[in-house]
Amino acid sequence: MASSKPQTAPVSVAPLSPAIESALRTLAAEADGVAALIATLQNGLGAPFAAATDLIRNAKGRVIVTGLGKSGHIGRKIAATLASTGTPAFFVHAAEASHGDLGMITPDDVIIALSWSGETAELRSLINYSRRFRIQLIAVTSESESTLGAAADVVLALPKAREACPNNLAPTTSALMQLAIGDALAIALLESRGFSATDFSVLHPSGKLGAMLKFVRDLMHKDESVPMKPLGTPMSEALFEMTSKGFGCVAIVDGRGEIAGIVTDGDLRRHMRPDLMTATVDQVMTANPKTISGDLLASEALEILNASKITALIVTKGKTPVGILHLHDLLRAGVA
């Protein structure tokens, strides 16, 4: 007799809410737009993009980004990204340009003008100004034969794409594509200049990013704050130094003032015995302790502390202790 297989109950899947379905359609439409932009960049848009990058990198002045409406909002973000990644830039509102703000633009500058249609009326005075004073103009538009495209020295012609808006009206996909090409320009320029995390920290000293890019030398304790004793010091003195300085450790130096070891609260526990206070630091210390340079980023120091499962690091210049960094210093600075 054939054996009967147990019946598996069907798995019920809750239907997606209308809001989630809408969100998925929106993201899919915008992803399609970015995919089309990537494909275009690999073909016809590649040469103009490289030309725009060279034009900006070789400019003696700054990058002036302009636009109106949603293109204006995207332009502000592009200008901010350029400025924070080593390309001096600022935004000029297209409507305000013809009311005196054209005076902010010099012949040494490069203008990036954003207009999806390329026919934004408020850009015309700025276009005329750029032609009159021979200011280099980069157009970001979907219409290369438009008024803006025809006037530009370089045209970044973005592929046409359907907006995520069901009416195909609200700038959504198009705005994201403008933002994406702006980010691509900024990062291409960043890489061509060799712009480093250190450079970024100079331009972004505040906030979480600024904290992550601080150097150990900016946060470490120095001079008399550093717990330090020479070889041969009785443990009673070393313990007083450790507790009075409050770092849970004391650096041990040799006759040349170079780091020889470290005594930590962990070493105290491991060597706990009746004669501990009469022993010398040489008998208790951990030789060749882990140290760091003051030139290291604070974020890198945090990684070392976490990986080593310790709370403090002696900072050295060569082999000479010059400071101490505690986990609490990183917490206060917003690094951890």
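Positions of Cβ are set from backbone N, Cα and C atoms, glycine also.
A quick note: this is a predicted structure, and the numbers were derived from the prediction, not measured.
Annotation source TrEMBL lists Zn(2+) binding site at His93. Residues or ranges marked as domain 'SIS' by TrEMBL: 52-195. Annotation comment: TrEMBL describes 220-280, 285-336 as domain 'CBS'. What TrEMBL records for Lys70, Glu122, Glu163, His204 is site 'Catalytically relevant'.
A map of TrEMBL features onto the structure.
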| residue | record | Cβ contacts under 8 Å, 6 or more apart |
| --- | --- | --- |
| Lys70 | site 'Catalytically relevant' | Pro171, Ser174, Ala175 |
| His93 | Zn(2+) binding site | Thr66, Leu68, Gly72, Asp101 |
| Glu122 | site 'Catalytically relevant' | Leu68, Ala94, Ala95, Ala97, Ser98 |
| Glu163 | site 'Catalytically relevant' | Ala29, Leu169, Ala170, Pro171, Thr172, Thr173, Ser174 |
| His204 | site 'Catalytically relevant' | Ser84, Gly210, Leu213 |
Three-state secondary structure, which DSSP defines for the residue listed as 'Zn(2+) binding site':
strand
What three-state class does DSSP give Lys70 (site 'Catalytically relevant')?
helix
Using DSSP, what's the helix, strand and coil tally for the domain 'CBS' (220-280)?
23 helix, 17 strand, 21 coil
By DSSP assignment, list the helix, strand and coil residue numbers for the domain 'CBS' (285-336), in that order.
18 helix, 19 strand, 15 coil
